[in-house]
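**Q** Can you read through this structure? Questions will come right after.
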Amino acid sequence: MTSFADLTTIGVGGAIARFVEPTTRVGLIEAVEDADSRGLPLCVIGGGSNLLAADAPFDGVVVRDARRGIAVPDEAAPVEGADRTVRVSAEAGVNWDDLVAFTVGLGLAGIEGLSGIPGTVGASVVQNIGAYGQEVASSVESVEVWDRLDKRVRTLAPADLAFGYRSSVLKASMYVAPAQPADRFFPTPRYVVLSVTLALRHSATGAVGYGQLAKALGVEVGDHMAIGAIREAVLRVRAAKGMLEDPTRYATAAMAGAKREENVRADLASLAALQQGAPGAAPAADPDRHSCGSFFMNPILPAERAAGLPADAPRFAAVLPDGTPGVKTSAAWLIDHAGFHKGFSTGDGAKAGLSSRHTLALTNRGGATAADVAALARVIQDGVEDAYGVRLVPEPVVIGMDLR
Ligand SMILES: Cc1cc2nc3c(=O)[nH]c(=O)nc-3n(C[C@H](O)[C@H](O)[C@H](O)COP(=O)(O)OP(=O)(O)OC[C@H]3O[C@@H](n4cnc5c(N)ncnc54)[C@H](O)[C@@H]3O)c2cc1C
């Protein structure tokens with residue numbers, strides 16, 4: 001029987017009563033509609049890289065889109081010298097980094113900074129993935145969804161999607177308040193993503209949007225670089241932080257075929273090079289990589305609350321959920337300054353701990369349960385709240401456990 005431990009990057013979570021993998025658009029809609037009409041709990045899962053599911057069995061249906069199609073309707077259009085927009089559509093089940101590799105290979109700029117983010121195209125728009133100065137929102141032209149409430153296919157434009165920092169109308173349809181699931185649709189949005197159309201630019205170069213990346217490339221933020229070089233630098237920086245997915249997971253029966261084979265091979269070769277093992281040796285799984293990525297969101301606070309933080313806490317202009325101006329601070333800074341440093345765990349032999357390379361990643365060091373990860377999360381939430389009065393909110397979708 002398939003379990004969430006088999007399907008998620010953090011490798012924890014209970015058995016799943018029914019797991020289906022539709023291979024057609026109609027099959028996907030039917031699987032969702034079937035679960036909804038029978039009132040069963042439904043989880044549409046992608047790469048399982050932003051999910052923490054409880055150890056208890058999931059008494060519902062988990063649906064994983066097995067379609068992997070990418071189409072470039074404008075590809076045959078003539079290039080007339082200057083940059084131009086090229087639309088690329090991908091089915092929800094396409095592995096996100098397969099899409100980035102494909103578009104960079106075509107010389108299209110817009111998502112190269114999002115290289116190496118685990119997961120699927122469908123989920124990329126749910127939480128508006130972002131990294132190194134780019135967010136998918138800036139490239140989205142439209143999202144085709146199955147609306148579980150109105151029971152019809154709809155095409156949502158960026159104005160409908162209300163993208164924000166790790167948020168969108170899709171994600172908002174699952175929650176009534178931060179980390180508080182809405183009974184009706186959770187743990188999957190009201191809108192199940194069927195496909196995403198991006199508007200990219202035919203351009204040899206892209207802008208470097210982030211300090212760390214600029215440093216890796218030896219340029220200034222805002223400089224233009226070849227998009228292939230930006231992708232390579234992003235992958236290097238992510239690998240150094242343990243923030244790439246563990247490619248050895250695609251050797252398992254549950255994950256086989258979910259990512260293009262040539263890309264899995266390239267990821268395995270990079271991991272082997274990083275580990276500097278014997279020539280030709282298969283890379284070992286990297287314990288820092290069994291995570292959900294950043295576990296907590298960067299808090300956005302009203303100005304008066306942010307004023308109470310220590311003077312050296314990072315502060316960035318941001319927008320509060322109600323649309324008024326706020327201040328974004330750094331969850332990693334708060335965690336570190338509350339005394340939880342890289343590699344922290346609650347004791348000798350603890351199976352869950354902070355990544356040794358990234359303060360924000362809670363990792364399964366081998367053999368952890370969901371309860372171990374949740375206990376670690378609560379210790380950190382409580383410690384940060386005691387020190388700074390800020391309750392950190394988990395970024396992953398937490399199923400069957402309360403991490404408010
Ligand atoms: C090592 C690591 C590094 C990461 N780095 C980053 C980063 O830099 N930036 C960033 O933004 N995120 C990052 N993440 C988080 C994660 O990669 C993203 O959130 C990703 O978009 C999740 O995709 P997924 O397919 O794995 O989603 P899943 O974990 O499978 O699902 C997440 C949510 O999306 C929903 N969902 C999935 N597919 C669909 C669909 N077709 N329609 C509607 N809802 C759907 C699920 O129901 C669930 O609610 C990282 C994760 C890991 C493990």
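Yeah, the Cβs are placed from backbone N, Cα and C, and that goes for glycine too.
It should be emphasised that the depicted structure is a prediction, and the values quoted were computed from it without experimental measurement.
When I checked TrEMBL for this same protein, it listed these features:
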type     : residues : note
DOMAIN   : 12-240   : domain 'FAD-binding PCMH-type'
ACT_SITE : Arg166   : active site
ACT_SITE : Ser294   : active site, proton donor
ACT_SITE : Glu395   : active site
**Q** How many Å lie between the Cα of Arg166 (active site) and the Cα of Glu395 (active site)?
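**A** Rounded to a whole number, the Cα-Cα distance is 8 Å.
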**Q** What is the total of other Cβ atoms whose distance to the Cβ of Ser294 (active site, proton donor) is within 10 Å?
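**A** Result for Ser294 (active site, proton donor): 21 neighbouring Cβ atoms inside 10 Å.
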**Q** Between Glu395 (active site) and Ser294 (active site, proton donor), what C-alpha distance do you get in Å?
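**A** About 7 Å separates the two Cα atoms.
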**Q** Among all the protein chains here, how many other CB atoms are within 10 A of the CB of Glu395 (active site)?
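**A** Looking across every protein chain shown, the total is 20.
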**Q** Taking the Cβ of Arg166 (active site) as the centre, count every other Cβ atom within 10 Å, in any protein chain shown.
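**A** I get 18 for this one.
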